[in-house]
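One structure below.
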Amino acid sequence: MAKMINKTLVLTYIYLLIYIILSSGVILYNKWVLSPKYFNFPLPITLTMIHMGFAGFVAFLLIRVFKVVAPVKMTFEIYATCVVPISAFFASSLWFGNTAYLHISVAFIQMLKALMPVATFIMAVVCGTDKPRCDVFSNMLLVSVGVVISSYGEIHFNIVGTVYQVTGIFAEALRLVLTQVLLQKKGLTLNPITSLYYIAPCSFVFLALPWYVLEKPTMEVSQIQFNFWIFFSNALCALALNFSIFLVIGRTGAVTIRVAGVLKDWILIALSTVIFPESTITGLNITGYAIALCGVVMYNYIKVRDVKASQPTADSLPDRINKEYKMEKKSSDKFNPNDSVEIPRVGGEVNDEEAPLITSRLSHIGRTQLGNHAA
């Protein structure tokens, strides 16, 4: 029994570590590539299109050429009414989020991302997937106050960058709500590869119009450096992040992944001040962010409590570990790309770059059931 527990814990910590490294790495890498002070590729839409094109190409190879994953049954109606709107808001959230790197620091961006639960709750109420509640509203108010305090303490506050980031947050929140409303309504489940196969190309097309208007003229008149290996490794990291999130979802519970997400944010804030010396954190920044995080933690606690109350009694710890061990033994600890991912219920979590259907810190789902769900 002790061996089984240790094996499960070690694997869990390894997956969490991979997730934290990749998630932080993609954000810092994007900042480095886009920043005029470093690699100097100030074209966020172009960078996002490279990510989407690469992800779609890899997904196409895995599904159509190497037959690693079986394609899902996709009708024109589902594609037009579900995939297209989700892709539109996904593309918007990445576009606005990456553009924010040109104007504000990574540390301040992470602090603003604490608004994600507020944005998602508002969108969920507007779309009718959630109901206004006093306890949740008080937490949202606490988060908002914390972000305002943190913004007030920002030395290099930039209104343009802040607007871009907040707009991206609300676009991502609407994308999460649409994912729940549209895909769950159609009974469609997608694994990480099939989600990229359908959503990445569509997002690429949506980004083409603003790219043609805003960035193509700039590329024609200015000397933009293009290093193949830089962009290839950047896109590869973004793609790997998708799979790491999938592995973390399968190995950990909702509470664990939330704690990992909060830890990642603090690590990212600290790392960004070291890697990018121009990023300055004030006491007011930290105070405001701490207040906002208190609201986020309380909100997550309420959501987990609600889910536990609505679910049947969970298995005892020994039984659960035994089941996990049997599942691990059966799969020989190999990743099965045909496993589908249950679309999480919306709850307001910070998104990670390039994760079209899976949130980085799940709102309030339990353990995702892997292995026996057909893609």
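Just so it is clear, glycine is given a Cβ too, placed from its N, Cα and C backbone atoms.
Taken from Swiss-Prot, the feature region 'Disordered' covers 328-348.
Under the heading transmembrane segment, Swiss-Prot lists 9-29 (among others), citing sequence analysis as support.
Summarising the annotation, Swiss-Prot assigns transmembrane segment to 43-63 (among others) and lists sequence analysis as the type of evidence.
The transmembrane segment annotation in Swiss-Prot covers 76-96 (among others) and rests on sequence analysis.
Counting residues 6+ beyond its ends, the transmembrane segment (106-126) has Cβ neighbours under 8 Å at 27-28, 31, 97, 100, 132, 136, 139-140, 143-144, 146-147, 150-151, 154, 156-157, 162, 165-166, 169-170, 172-174, 176-177, 265, 268-269, 272-273, 276, 279, 281, 285, 288-289, 292-293, 295-296, 299, 346-351, 363 in the same chain. What Swiss-Prot records for 106-126 (among others) is transmembrane segment, and it gives sequence analysis as the kind of evidence.
The feature transmembrane segment is assigned by Swiss-Prot to 140-160 (among others). Note on the transmembrane segment (140-160): residues 103-105, 108, 111-112, 114-115, 117-118, 121, 278, 280, 282-296, 298-299 of its chain, located 6 or more positions outside it, place their CB under 8 angstroms from a CB of the stretch.
According to Swiss-Prot, the feature transmembrane segment maps to 163-183 (among others).
Per Swiss-Prot, transmembrane segment is recorded for 193-213 (among others), and the stated evidence type is sequence analysis.
For 229-249 (among others), the entry in Swiss-Prot reads transmembrane segment, with the evidence type sequence analysis.
Within its own chain, the transmembrane segment (257-276) is flanked in space by residues 16, 19-20, 23-24, 27-28, 31-32, 35, 105-107, 110-111, 113, 248-249, 289, 293, 296-297, 300, 349-350, 360-362, which lie at least six positions past its ends and keep a Cβ under 8 Å from the stretch. Annotation comment: Swiss-Prot describes 257-276 (among others) as transmembrane segment, evidence class sequence analysis.
A Cβ distance under 8 Å defines the sequence-distant neighbours of the transmembrane segment (280-302), meaning residues of its chain 6+ beyond its ends; these are 105, 107-108, 111, 114-115, 117, 135-136, 139-156, 255, 258, 262, 269, 273, 347-348, 363-364. The transmembrane segment annotation in Swiss-Prot covers 280-302 (among others).
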For the transmembrane segment (43-63): best-contacting stretch of 9-29, 76-96, 193-213, 229-249, by Cβ pairs under 8 Å:
193-213
